[in-house]
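To start, the structure under review is shown below, and the notes come after it.
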Amino acid sequence: MSTTDNSAPVYLEVLAAPAQFATSTPTAPIEFSGPTSYPDAISTTLAAEASEIIARYPRTRSALLPLLHLVQSQDGYLTRAGITFCADQLNLTAAQVASVATFYSMYRKEPTGRYLIGVCTNTLCAVLGGDEILAALTDHLGVSPGETTGDDAITLEHVECNAACDFAPVVMVNWEFYDNQSPSTARELADQLHADTPPPPSRGNPTLCTFRQTARLLAGLPPADEQAM
């Protein structure tokens, strides 16, 4: 009931909730591309792995971030099928899943190569040659930042600070650090990635996984043979 001075009471009746507040939706938002659903065999495998991940959390929706990595490991980026799968597993709307997926830069909206090279050109890296490294890789690979080489081996990315200023200039590959880079060492690194013979990262994991294998690790699962994914 609402009243104002010198007026009669006004009564408001709340009926059923509007349809737009439904708890689920079958389709992903339009900014995601790719397939809209998975084949049955892939769906079954992903559902089993999703159940394993969800069981680790006291609240189901808390598993969203690793589930996004899981579907990214399947497709190499987030597809409409992946967004819808996560929504179905967690009883969320596709819009809720997409709002999280688009907030974090680690979740890709475009197909990504086996190796994602990120070159930092923020203040210290720029002073120490980050811009020259990015220019050298752009020329060497024949792609601009945001693009992937024709053989799907490498996606080049311009990134902001990697929080590794002590080792600037830094290049990241699939989120592993390669410290104290120069244009020549970055070109050599790119050649090794093209040949699928990546050198060990400067620190962290002793070996470098492919982009899709790394996504599985971030989902909390062991890396699988990429040919079987």
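Every residue, even glycine, has its Cβ placed from backbone N, Cα and C.
The annotation [2Fe-2S] cluster binding site is assigned in TrEMBL to C120, C125, C161, C165. In the three-state DSSP reading, C161 ([2Fe-2S] cluster binding site) counts as coil.
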Just counting, how many other CB atoms are there within 10 A of the CB of C125 ([2Fe-2S] cluster binding site)?
26
If the [2Fe-2S] cluster site is taken as the center of the Cβ atoms of C120, C125, C161, C165, which further residues of that chain fall within 8 Å of it by their Cβ?
T121, N122, T123, L124, A126, G130, E160, N162, A163, A164, A168, P169, V170
Nonlocal residues around C120 ([2Fe-2S] cluster binding site), in sequence order (Cβ under 8 Å, 6 or more apart):
G130, V159, E160, C161, N162, A164, A168, P169, V170, V171, M172
Secondary structure at C120 ([2Fe-2S] cluster binding site) (DSSP, helix/strand/coil)?
strand
